[in-house]
Amino acid sequence: MEASALKKVRCKLIAPLGLPPPSSKSFSRPSGMGKKKNYTPIHWSRYFTSREKIVVNEDGDSFQVYRRGSSGPLLVLLHGGGFSALSWSLFAECIEGLVSCQILAIDMRGHGDSKTHNDENLAAETQADDIVSVVKHVFGSDPPPIVLIGHSMGGAIAVHAAATDQLPMIAGLIVIDVVEGTAMEALASMQNFLRSRPKQFLSLEQAIEWSVRSGQIRNGESARVSMPGQLRSDVTGECATSDVPETVTTPTASSPLDATTQTSNALKHGECITEEDEDEKIESSPSPREPTFFPPAVSPKTGYHWRIDLTKTEHQWPGWFHGLSATFLAIPVAKLLLLAGIDRLDRELTVGQMQGESNSNNMLPQCGHAVHEDVPDKVAEVVATFLVRNRLTSPKEKFNW
């Protein structure tokens, strides 16, 4: 996208695929980035009690799911484009500590450790059917009350899945930082952003550091557990989650980027737009020049590439969001729209909010697009309050709502 066009939409731009939008501004580090950070990947078992591969048909299509909790409503967690179920790790731990609930986080088609006969078929109807199939295979015909919770692309798919009426036990719908109007407007810039990201990483530590320093994920702990789910190993061809040991020794060496950045000056790959009026809220790098990330030259059989090439699915993106606002408002269950800023609302949702058709008063402006990763405790508190107020569950002792 041309610079002038990007500047025109910047104030309303969100990343509809789950990824941060491209930036026309200088790189800003999260607070405290001047200190040495630990970028060692974290194993999924720190946040979930089990994981399973769910085979849903005779073609052998399988979906990786992560579970936590044993009673209460079922929270089905759907991630954004390019991410994985592990993006919900910290949120799952937080929410299960506040209220009685069961967690089912799903690696969606083409993402994480899920494998299908056509990983590039990300059509809204296909993905909605996937979610229905997974839930039915796990819980049969009598599941507990279901609350669908989705972020970005996953939020759109949650709406589509709820609208199919194939899950009769749906009791709630929560959509995080995706709105039809602004998502459709942002699509034109996404190819440019996807091409701007590093194509390859030498190690998981390097990928994790990039995700934090670029602003894709502003919570270092979340990046350490979720980033491996976004990558595949060039050696095994499998999702990088298999390369994360259950226990690791924290390295004492300096940043994994040091060797490739000590003579460089500008982070050009995956720069993120700071949200409107956010410049004063995030501590900028003390250096007047920007740190550079240049992926080192590595052989084709070492390192890590992105798990899915989202550029090949562009023709399906509009289908995720077209008619999303009206569909969301029409679904007759308790609903919550959680946004990273009030500028996300489009006209239809603004009218719906004024008429009491949805609750979109929950804004978390001091975080990035990956709201549930950046501030998982705050998102968990909002969701827990929603669940308790709608009598979908009961609070635990530590939750003062």
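All residue numbers here begin at 1 and follow the chain in the order shown.
Using the three backbone atoms N, Cα and C, a Cβ is placed for every residue, glycine included.
Curation plays no part in TrEMBL annotations; they are all automatic predictions.
Taken from TrEMBL, the feature active site covers Ser152 (among others). The Cβ neighbour count for Ser152 (active site), using a 10 Å radius over every protein chain in view, is 30.
Around Asp177 (active site), a 10 Å sphere centred on its CB holds 28 further CB atoms from the protein chains shown. For Asp177 (among others), the entry in TrEMBL reads active site.
Residues or ranges marked as active site in TrEMBL: His369 (among others).
Sequence annotations record features per position, and here TrEMBL assigns compositional bias 'Polar residues' to 247-266.
TrEMBL lists 75-222 with the feature domain 'AB hydrolase-1'.
Summarising the annotation, TrEMBL assigns region 'Disordered' to 233-298.
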Just the number: how many Å between the Cα atoms of Asp177 (active site) and His369 (active site)?
7
Using the alpha carbons only, what distance in Å do you get between His369 (active site) and Ser152 (active site) once rounded?
8
Among all the protein chains here, how many other CB atoms are within 10 A of the CB of His369 (active site)?
31
Arithmetic mean of per-residue pLDDT over the domain 'AB hydrolase-1' (75-222)
95
